[in-house]
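This report refers to the structure that appears directly beneath it.
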Amino acid sequence: MTHAAGESRYPLGLMAEQSHRRRSFSSWLISCLGGGGGGGGGGGGGEYNESSSDSGQRVSWDLDPLSLEDLSLTLAGSNLVAFTIAELKTATRNFTMTNLLGSGGFGHVYKGFVDERIRPGIRPQQVAVKSLDLDGQQGHREWLAEVVYLGQLRHPHLVKLIGYCCEDEHRMLVYEYMPRGSLENQLFKRLLASLPWSTRLKIAVGAAKGLAFLHEAEKPVIYRDFKASNILLDEDYTVKLSDFGLAKDGPQGDRTHVSTRVMGTHGYAAPEYILTGHLTAKSDVYSFGVVLLELLAGRRCVDKNRPNRQKNLVDWARPYLNSAEKLRRVMDPGLDGLYSVKGAQKAAALAYKCLSPTPKSRPSMKSVVEALEPLVSLNDVPFDSFIYVAPKEEDKAKEKAQLEVVEEKNLHNNRDQRHKQRFPNSVIHSEVTLHKDGKNLFRNSHFRRSKGHSQERGA
Ligand SMILES: Nc1ncnc2c1ncn2[C@@H]1O[C@H](COP(=O)(O)OP(=O)(O)OP(=O)(O)O)[C@@H](O)[C@H]1O
Ligand SMILES: [Mg+2]
């Protein structure tokens, strides 16, 4: 399981489902499945059942009249491939455990490969196959919502759904394979080095763009399950949002919100949504604020292993976010001070707004993108500032004396400087090796890392 302690997804409150809501979502799905006159044979309608018992939070769809053909017909224009279970067995080497990428509330996710031998005409590619665990927390409804939403939505920051499998009781989803896995893995489970600042910003911007796209769509969509484990990462750390099992249509007409049973993940769901079940796009903005804070702090939003006061990241960090001085307490020590101080302050102030208890005070995702994008080009990052200006050829004799260090103004972030102050005789800063690159001479220090190293860390 990839779930962290205290991060259980699914019913977050006792909010009773309101019958009109049940109608609206189920009827929408029915129409998606051809029941609205789209030619789905038997109407494609199913009975939508939601259990509210303590143990059984399974949400199910009575499939009787719904056949694979109905679904294929409905999604005809979406280019989704309807795979058979036999094809996916071949693609994943019979769902071997060595291909297991991870597991969540839906079930296991396996790496696979599809090509002409599996399905004539298909582009050869690596895939991730998510298989519904029939005894798990989620059910056919989540599978269906994922197929319907991702089958219709296309965006560079949404994971591409390649196809699905709906055979007998099997429910599977076939996605493009994301080589860096989830942000949760990259941020909290890396063994070697932590994600660099520039990569964290890139991830924040990409995720914000994905959410903004959903909110600004002609028929706005509320994602409802924005969290680190649902943010997938490409080879170059491009973000793609996954998991639309909880997504919902946004309110339409005069309605300000949709009423739903409270679903989501502890630590990420907006407080007013947990209290009232009223869902708006601003609930997603709150969840975005939580992830932005996780990126700054390198901490999970709920961490039972921390001291009491720090178990809930938002509660603990909120008072520090608008103070330049105090913010340093929040910033991830794993960053080693190698971040733009200005950028961190602006990102923290933005997180603060997103985390406002009043939904109306939260910015729209469009404004979040606009606020975050300029931070990428801020260059007051200590990493870039250790440049020695090389002496001219003719001045070689005076080389030592003329070496000039262009120092970063924010010396408190300069690990080398701090080290020098504390250990004036240490060899670490007295024995620098210099190497030439064009006209400039660079210091070979622990701040200047190899290209391979930087790539591996996503710099
Ligand atoms: N398209 C993909 N490419 C690569 N890895 C993936 C892909 N989709 C999912 N994974 C991996 O599978 C893991 C499990 O994903 P899944 O969405 O099932 O669970 P989760 O997000 O951890 O929990 P939840 O059920 O609450 O969403 C992810 O953390 C990720 O590492
Ligand atoms: Mg997920």
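Each residue, glycine too, has its Cβ placed from N, Cα and C.
Nobody curates TrEMBL annotations by hand; they come from automatic prediction.
Of the listed segments 19-39, 439-459, TrEMBL assigns region 'Disordered' to 439-459. Note on TrEMBL: of 249-268, 409-428, the range annotated with the feature region 'Disordered' is 409-428. LYS130 (ATP binding site) counts 26 other C-beta atoms within 10 Å of its own C-beta, drawing on all protein chains shown. According to its DSSP assignment, LYS130 (ATP binding site) is in a strand.
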